[in-house]
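Some notes on the structure that comes next.
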Amino acid sequence: MATLFIADLHLQTEEPAITAGFLRFLQGEARQADALYILGDLFEAWIGDDDPNPLHQQIASAIKAVVDAGVPCYFIHGNRDFLVGQRFARQSGMILLAEEERLDLYGREVLIMHGDTLCTDDQGYLAFRAKVHTPWIQRLFLALPLFIRHRIAARMRADSKAANSSKSMEIMDVNPQAVVDAMERHHVQWLIHGHTHRPAVHELQANGQPAWRVVLGAWHSEGSMVKVTPDDVELIHFPF
């Protein structure tokens, strides 16, 4: 019995090794799980479910095979792929979740999320996030021709990279009080998230008791997952 969590694969055609590693993961470890949760940034960018990128179809088919094998797959949007919609969800068999979800895993209450909303010190990013999550702005963007959406997405990624290069690492990390607030709001002692690309298990205090925050690593030179069993919560790195 095990439930698996992954995040921040940033899949793109320019990184075939990561894609190959993910496909092997889906054909192996994922098939043995009780469930698979993808906590955002599965893709480096997402400009709409109507994008005919062959990579997207390849990944949808691979995830659907896992679902068809009896392993439910769930998805929380990240800051890179927040426009993943119901069309792709149907193609892949994934179930789209809210940005914060509380799970009961073998008697252990766990809060899961992508993690970007915990970075409350980065006010510039939060303002941008609020803007691009505005429903009418999303509808307007998705109504644009694909080639224009590609250009806008490329410019946004370039601007984000430039902005992040001038920010301190502390600003781009989670705010400790935001973490405690989220855990106390959901009455949990465990939190699993991604986004920061700083894999670790942090011990803290929440709800007047010891609590733990488990941060998933990004898939760069190796894979990263959290494996929850009835007996343990493990942060695991593995080769592609």
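Backbone N, Cα and C atoms are what each Cβ position is placed from, and that goes for glycine too.
The annotation Mn(2+) 1 binding site is assigned in Swiss-Prot to Asp8, His10, Asp41, His197. Neighbour density for Asp41 (Mn(2+) 1 binding site): within 10 A of its CB lie 29 other CB atoms from the protein chains shown.
Residues annotated as Mn(2+) 2 binding site in Swiss-Prot: Asp41, Asn79, His114, His195. DSSP assigns Asn79 (Mn(2+) 2 binding site) to coil in the three-state reduction, placing it in neither a helix nor a strand. Take the CB of Asn79 (Mn(2+) 2 binding site) and look out to 10 A: across all protein chains shown you find 20 other CB atoms.
Sequence-distant neighbours of Ser160 (substrate binding site) (same chain, 6+ apart, CB under 8 A from its CB) do not exist here. As annotated by Swiss-Prot, substrate binding site applies to Asn79, Arg80, Asp122, Ser160, Asn164, Lys167, His195.
Candidate binding-site residues: Asp8, His10, Arg80, Asp122, Asn164. Nearest to His195 (Mn(2+) 2 binding site) by Cα distance: Asp8. Annotation: Asp41 are the binding-site residues among Asp41, Asp122, Asn164, His197 whose CA atoms are within 10 angstroms of the CA of Asn79 (Mn(2+) 2 binding site).
The record gives Asp41, Asn79, His114, His195 for Mn(2+) 2. Within 8 Å of the mean position of their Cβ atoms, the other Cβ atoms in that chain belong to Ala7, Asp8, Leu39, Gly40, His77, Gly78, Arg80, Gly115, Asp116, Gly194.
Arg80 (substrate binding site) is surrounded by 26 other CB atoms, counting those within 10 A of its CB over all protein chains shown. Taking the mean position of the Cβ atoms of Asp8, His10, Asp41, His197 as the Mn(2+) 1 site, the remaining residues of that chain whose Cβ falls within 8 Å of it are Ala7, Leu9, Gly40, Gly78, Arg80, Gly194, His195, Ala218, Trp219.
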